[in-house]
């Protein structure tokens with residue numbers, strides 16, 4: 001590292017940031033494959049992708065305003081393309097209510113807010129202040145992108161399931177934050193560096209959640225409940241060979257259930273046979 005100049009280090013971290021960020025943009029592919037396979041987006045939310053599209057659009061604009069920011073421009077152009085593709089797939093397979101919600105979100109949030117910001121910064125703010133204002137806006141939305149998975153993390157804790165928390169996405173988020181933190185730090189661009197500190201912390205938190213809940217502990221409890229149920233049925237079989245269910249008027253026998261133990265090499269299972277009479 002001592003043999004590399006500051007500009008070379010900036011290029012290396014920016015290049016690595018591009019590579020890792022592409023991996024991050026590819027991370028939701030299994031999620032959208034699941035949506036495509038189920039022909040439904042039920043259980044998944046569009047908010048993270050809408051926020052990510054807004055952030056990529058803002059950073060693209062910021063990169064255009066800034067000098068020597070070709071790596072920033074390249075990755076956010078790719079990011080915009082990925083997020084638009086994901087949102088199109090979501091809109092195709094989303095239920096009607098979710099589709100309408102997402103379309104309103106895109107019209108008001110992505111087009112309306114982003115368009116208003118463009119007009120204000122281009123027409124009313126000039127010179128170096130323009131870059132500073134856009135930089136602060138980018139920083140705020142970068143934090144929003146980092147915080148967007150909070151809803152998924154809350155769901156993981158509530159359901160004790162990592163179905164909606166891909167590990168590859170969390171790992172990519174963490175590595176991406178590290179690369180862009182050093183890229184911004186070496187350039188003294190704190191609009192890029194500081195939000196990635198939070199991105200790193202959220203990425204670590206998501207990976208910890210994944211490790212905690214990837215093997216649900218309730219599997220053993222379910223097995224114990226199943227064994228307890230089998231013992232109860234076996235006890236009923238030993239006490240009574242059959243049971244009857246009568247109608248309320250006690251005039252007609254509705255059904256007769258016979259409990260017969262069925263042995264196998266592995267364990268003893270109870271076979272329940274019901275016949276209508």
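Note that Cβ sites are derived from N, Cα and C of the backbone, with glycine treated the same way.
As written in TrEMBL, here are the features:
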- 221-251: region 'Disordered' (REGION)
- 12-35: transmembrane segment (TRANSMEM)
- 47-65: transmembrane segment (TRANSMEM)
- 71-93: transmembrane segment (TRANSMEM)
- 105-125: transmembrane segment (TRANSMEM)
- 131-152: transmembrane segment (TRANSMEM)
- 164-186: transmembrane segment (TRANSMEM)
- 192-213: transmembrane segment (TRANSMEM)
Contacting positions for the transmembrane segment (105-125) when only residues 6+ beyond its ends and CB under 8 Å are counted: 46-47, 50, 53-54, 57-58, 61, 87, 133-134, 137
Contact call for the transmembrane segment (164-186) against the transmembrane segment (47-65), three or more Cβ pairs under 8 Å: no
Same-chain residue ranges lying at least 6 outside the transmembrane segment (12-35) that approach it to Cβ under 8 Å: 4, 41, 44, 49, 71-72, 74-75, 78-79, 82-83, 86, 89-90, 93, 164, 166, 168-169, 172-173, 175-176, 179-180, 182-183, 186
Residues from the same chain, set at least six apart from the ends of the transmembrane segment (71-93), whose C-beta lies under 8 A from its own: 11, 14-15, 17-18, 21-22, 25-26, 28, 32, 35-36, 38-41, 44, 46, 49-50, 52-53, 56-57, 59-60, 62-64, 99, 102-103, 106, 183, 192
